[in-house]
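Q: What follows is a structure written as structure tokens; I'll ask about it next.
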Amino acid sequence: IASLVTCLFAEFDDAANLLAANPDATTISIEEPAEIPKNQHGRLQEPGREEDDELLGTDDSDKTELLAGQKKSAPFWTFDYYQTFFDVDTYQVLDRIKGSVFPVPGKNFVRLYIRSNPDLYGPFWICATLVFTIAVSGNLSNFLIHLGRPTYHYVPEFRKVSIAATAIYAYAWLVPLALWGFLLWRNSKVMNIVSYSFLEIVCVYGYSLFVYIPTAILWIIPQKVVRWVLMMFSLCLSGSVLVMTFWPAVRDDNRRIALATVGTVVLLHALLAVGCLAYFFDAPELDFPAPIIPAHNGTTVITKSQ
């Protein structure tokens, strides 16, 4: 031990002598690692492509996606595997809802909100809430439109719940499935095509439907013009989320194919909104049969409905 201590002191003396001989020498502490310049990459960034990489999520978000994929390593037949899809807190869900209602121009919804932790909790409950909101609001709207007519007898239409559930859940799952398969196919043709995961696409579509929940409540207003204005506003708001998310993924593809892809996404989204408004709220009025009033002399009198 004494010899080891003597050697250590000798090394310190040598270092002190060197510093005294050259005061301008640079010392490096072993406890503080040297900083590596952040801008050193294997290739030079092309001017104007940094924003594209940010929109597409090809830098740090890829690392986040890999880390997120490592967390979902449980077998798919176990409960733990599906539990990861619902592993979100209230603040994350509210943040993603606000991002879908107030889209930021030039920002990618997947990169900002979804990629770190995609979930099914928000999309599932948003679709379920939208189903009951449309069904209940459609019944109330029908009641208010015919309120005061003596020939009208209100009967709640419970079948509207099943019809709304079929339409909304089919749209929220089948359309993302088709889009996911299309992006995978185009990714094999064009190198720059970004292929989102199926869970990420379901997240985008699920959260984009949230704006229709307050809109469906306002559709109770018995004014057709007001309803269609509200529908167009909600369609533009939610459709912009889809366009800003999927356009950066397909813009490097053939121009016609990219425009056709985004146009199809917007068209299907518009068909859902127009179909719900037209079927549940603007259905054509039926001619109700005139009531038969028995007369006192045994004959019947048929009153003509106005």
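Glycine residues also receive a Cβ, built from the backbone N, Cα and C atoms like all the rest.
Among the features that TrEMBL reports, region 'Disordered' is placed at 29-61. The compositional bias 'Acidic residues' annotation in TrEMBL covers 49-59. TrEMBL lists 101-273 with the feature domain 'Yip1'. Summarising the annotation, TrEMBL assigns transmembrane segment to 120-141, 161-185, 197-222, 228-250, 257-281.
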Q: For the transmembrane segment (257-281), could you work out the same-chain residues 6 or more beyond its ends whose Cβ comes under 8 Å from its Cβ atoms?
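A: Sequence-distant neighbours of the transmembrane segment (257-281): 134-135, 137-138, 141, 160, 163-164, 167-168, 171, 175, 179, 182, 186, 208, 212, 216, 219, 227-228, 231, 234-235, 238-239, 242-243, 246-247, 250-251.
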Q: So if I exclude everything within five residues of the ends of the transmembrane segment (120-141), which remaining residues of that chain have a CB under 8 angstroms from its CBs? That is, six or more out.
A: 85-86, 88, 93, 96-97, 156-158, 160-161, 164-165, 168-169, 172, 199, 202-203, 205-207, 209-210, 212-213, 216-217, 219-220, 222, 276, 280-281
Q: Let me know the model's mean pLDDT on the domain 'Yip1' (101-273).
A: 89
